[in-house]
Each structure stands twice: as structure tokens, then as C-alpha cells.
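Right, one structure below, let's go through it.
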Amino acid sequence: MKFFSTICSLTLAVSALALPTSDHVIHEKRYGTPSRWEKISRVNGTEHVLVRIGLTQNNLDRAYEYLMSVSDSVSPNYGKFWTPEEVHSTFAPSNETVNAVRNWLVESGVDESRLVHTKNQGWIVFDATTKEAENLLHTKYYHYTDRISGFKTLAAEEYRVPQKIQQHIDFIKPGVLLPLTSKGPSAKHTKKYKPLKQTSVNATSLTTCDEVITPACVAALYKIPHASGNVSASNSLGIFEEGDYYAQEDLDLFFRNFTPYIPKGTHPKPAFIDGASAPVSVADAGAESDLDFQLAYPIVYPQTITLYQTDDYDYASGEVETDGFFNTFLDAVDGSYCTYCAYGECGDSPTLDPTYPDNSTGGYKGQLMCGVYKPTNVISVSYGGQEADLPAYYQQRQCNEFLKLGLQGISILFASGDDGVAGPPGDDSTNGCLGNGTIFSPAFPNSCPWVTNVGATKLYPGKTIADGESAVVDPAGHPYSVAFSSGGGFSNIYTIPDYQAEAVAEYFKKHNPPYPYYEGNASFGKNGGVYNRLGRGYPDVAANGDNIAEYNAGEFILEGGTSASTPIFSSVINRIIEKRIAAGKGPLGFLNPVLYRNAWALNDITNGSNPGCGTEGFYTAPGWDPVTGLGTPNFPKLLDVFLNLP
């Protein structure tokens, strides 16, 4: 899995910390400053900043109800998905919210003529001096410098808003976040063997699947039949990429040696976003993109694949500093999430997300792309970060967007991460853990309750297809240069959703982890707790993610990661949707309610754990567990479940 790594300490946005100052309460607070950042001095009060206030959206208190209505198989409205227009009109901020925030600003001395209410109604924006902003938010801004890159920014340690206004505001920029300093390939973990000779693998053999996972092994593990017949033009599989690019030469090598039924030159349909491009020369090929397509094509072909390649090279490679991710993709598939009507920003935060036009050398000079692509029925994402890296309000706003896509019938699957209960080493701490290096670090957007999260399994040495899989546990150096285990755990932001509550309760009742825990974000780390007992559990499901055969940069290698598991599971779902379309039915949307009601349709994984933070992590168990979720796909059983739904 590819992680966007930040060096920001945990930021929380919780009313439990809201100590009154007059009638003001803390809206966001940052705990400490990472050692890489140096606080230089107070900001001169005459400096100008663009203040951006994200307004809370309407009807979010009913969003879960709306989503379950179309996603839960026991609902009479199952599969009756919403149009984009219905979604936008339902969730646009209320007039009460807009007027409350506007009146507060005017009463605080901001002239109404300076206020811009963005076209999608989601933001109020105005220019101010830092002194005005400090007085408004009862805060102090400081200059910070990144000791390594030299990048300079301004930020506050906390800010306050009136208590009566707090419910109307998601977050405010500039705020507490210190930016991302690298999110290109150098910040991501590449785990690969030394190149292996192609002649060492029999593409059709099932006797060596414990050594090399080929398309034949994947098909045998999950009983996936060879696709045939006519396919629907409306059912292309979507795959997200950023900062990593496929090479056509690598795809052709793979097709020739493993799937000769796929013609040379077969390639994904381009959906390039904000100056992105692909493919690249074979010498510059990224292992992530090559892996995604080489796993997906053997399952879905002759279905097509759509590539959502995101952001121009400067942003995608980390040459330009940002500290958010996925929002430019969300912009492109849902125009209501953005507009460039005011200061180049509405749904995005320019200091969190790439801003276009990009005036850097080689940057994309066009406007931010909004609503230019219709999202595919299934979108596979092998990228992510950690909850501790971004403010809670920012994550919640993005998570709500995934919910809206689910309402429209889009299935979104994320890789659960490759570091067990921790984050990538060096992210937030030396070992990737929180607090004093012992508290587990949940991943995001994985922890968002409205996406399907995919963990990793493998065939242990000497095991056969018939023996079944276990959770991935690969110590550093065996065989990869870094340790690899299936990401999983419990969110510090999101509570256990109803669709998962019974499964999580059963896990705790019968397989109680041997670690102290805390209950809720407000008690983070209390009594030595290392995980949140009340948090949304992940992953939801799993698929093979180790010893994967791949051609990259012209060489045959083995690769591993939940970034392999995710396109496998996503491809299975896309194949099932194809069958539903042939039967006169529609897409599946948010998958989790049906999956948790039909756990029997997955292969339960009961061996292995996901080490991290100086522990063995969580252990697999019968039923759901925070290592491999409900298990791996069983194509015939899942097909039976979904074909029998409306």
C-alpha cells in the first residue's frame, strides 16, 4: 500500500476539550510540535491571510439513515440510489448555518462586502490581516520552519469559536495543521524481492502458489471463473493512482507470460485529473500502478479499467508541498465537492490540497477539474495515510463525501495498510505509533465507516490452495526489506457503525485482545490504553497480498502489500456487478451492510496476527477480526448473495 506520510502530530477537534473563554470554545487543538518543525516567531499582525470557513452540511444527522436505506438488503429501498442532484440538494449547508456564520463575522467587525459565499454553498471566504484573524478566533499565529526542507508556514496551536456557532463550522483555515513535506514515492514504502527470472514460474501451475501468486492462483483461491461473453460499456473498473505510473511495456510482458488471452496493448481508459498523465517509459514505471493493473485485468477482462490518475507531476511527486489527499479526485467525480468560483477554492482547502492553476515549472495551468468524470461503479484505492496526520474535521468532511458516493451506487474499496496496528515507521514516530510509541495508529481513509477496507492474506510456505490462507506476517528482511503485516485496528475518530456492531462485540466477547484500552477519543491513551475499544473496526474483508507475480521496469519480481489485495477484491465485485447488469439489475453501492449480513459468503481466516508498536497486534479469529475482517472472497457464494438482491 502507498501511504501519504505526514509529520504532523495528532490533532483533535472535539467539544470535550472546549474550555470556555468568554463564550468561545476550543474548536481544534494540536498537541505538541513535531521535532522536524521549529516554531520561529509570532506572525506580524499586518500580514494578510485568506480565511476559509468550512460550513457544516445539512442533514448529516440523517446521512447514515439515508445510506442504510439504499445499502442494507433488508431495506425496501435497497439499490434505489440517488442522483448527484438529489445528493447535493439534500446536504448543502442550511440557510440557518450560512446566516449564523455570516452574522457572527459581521458582528465581529468583518465588513459584509468582504465575505464570499462559494457557489456550492460550502464555504465562506474572506481576506483578513492575521491580527483580525487572531482576534476573531481567540488564537495566536506563529511562523514555523521545516528543519529539513526549509518550507515555511503559519499555524496556530488551537483556535476558538463561539459556542453557539461551533455546530455550524467544520474547520477553519489557517488552523492548527502543519503541512506535509513529502508525499511522493520517496515517502512511500516499496517492498520487493530482487528481480526473478521469468522462466522460474509456470503460469498455470497451482503447486507453487505458496511461492508465487499468479493469476491462476488467484482464480483458484477464490473460485473465480474465466470471464467471457459480452460486457457492459457502463461497468468499467475504476483504479486510483497518484505519484506512481504504469508502463505499457510491463503490462504487455505480463499479458504475454501469464494471460495470453489479453491482447498486447490492452490499457486502462484514461481519466486524467488536473494535469496527470500516463503511461511512462518502462524505466520510470511504478511498482504500485503496474501491480494494480496486472492483478485486475486477469479477473475483469474483457471488462475495461478506468485509470483515475491524479494531479500534475509537481504535486503528485511531492515537489510542491501539500498535506491532504484524495480531494482533487473527489472534485473530478463530483462537481458539488468543489468549484473555482472564489479564490480558486470551495470544497478543497488550498493549504491542504493541490491548488490549480499550478504556476510551478511543468505544473498544470488549467482550472481545477470539477465534475468532469462520471465515477465508475467500483473504485479501487491502494493509497492512504494515518488518522493522526490530518485534523478530524478535515477527515470527517472527506468521509462524508465517500458516503455521498455510496448513496449514488458507487462501491469504494481502500487498502488497509502494511504495518499492522502501526503506521509506517517514521510517520508520527520512529516506529509509526502514537503517544510514547506504544499506542496503535489507525489508518485513514480506511477508518471511514462508509468505505470497504481490504486487509492482506497469504499462503504460508508449504501450504496449498486446499489448505487455505493466513494473515500476512512478514518480518523485516523475510523477504522484504521492511516488515509487512495486514493493517487493522480501531478508529480514534469514528465510533462502531451499527452494521458492524454485532461482529465487533462478538470478537471482543470471544477473543478479547490482551491489551489495555481506552474508550473514545476524549480518553486517548488513558490508563495505558493502546487502542480505542469504541472505534470503528477495520479491515472489513481481505484478499491475497504476498508473493505477487509482477513485471515492473521490465523485470519479473514478486511484490506484496494490501495494495495487491484491494484490486483483487474490487475486481471480484466488478465481475459480480457485470452479472447483475446482465440480469437487468444495477450496481451495488456501499458493500458493508450486505457483507456483514452474509459473512458465510467469505472464506474466514483464523491464523495469524498483525504485529506493531512492540506487540503481536491483534489476532485473527473465527468471524470478523481486525486483521483480515470477514475474510477473503468466495466468488460463487458472493455472486449468489448479490444476484438474489433487487
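Each Cβ is built from the backbone N, Cα and C atoms, and glycine gets one as well.
The active site, charge relay system annotation in TrEMBL covers E288, D292, S563. The annotation Ca(2+) binding site is assigned in TrEMBL to D604, I605, G623, D625. According to TrEMBL, the feature domain 'Peptidase S53' maps to 212-645. What TrEMBL records for 1-18 is signal peptide.
Sequence features annotated in TrEMBL and their locations in the structure.
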residue	record	Cβ contacts under 8 Å, 6 or more apart
D292	active site, charge relay system	I239, E241, Y246, S380, S382, S563, P567
D604	Ca(2+) binding site	P622, G623, L630, G631
I605	Ca(2+) binding site	T457, G468, E469, S470, A471, A542, T620, D625, V627, T628, G631, T632
Completion exercise
Within 10 Å, the Cβ with the most other Cβ atoms among the recorded positions E288, D625 is that of D625
Completion exercise
By a 10 Å Cβ neighbour count, the lowest-scoring of the recorded positions S563, G623 is G623
Practice task
Determine which residues of this chain, when D604, I605, G623, D625 are set aside, have a Cβ within 8 Å of the centroid of the Ca(2+) site's Cβ atoms, and list them as they appear in the sequence.
Solution key: T606, T620, A621, P622, W624, T628, G629, L630, G631
Handout entry: Integer mean pLDDT for the domain 'Peptidase S53' (212-645)
Key = 88
Practice task
Could you check what DSSP calls G623 (Ca(2+) binding site) once collapsed to helix, strand or coil?
Solution key: coil
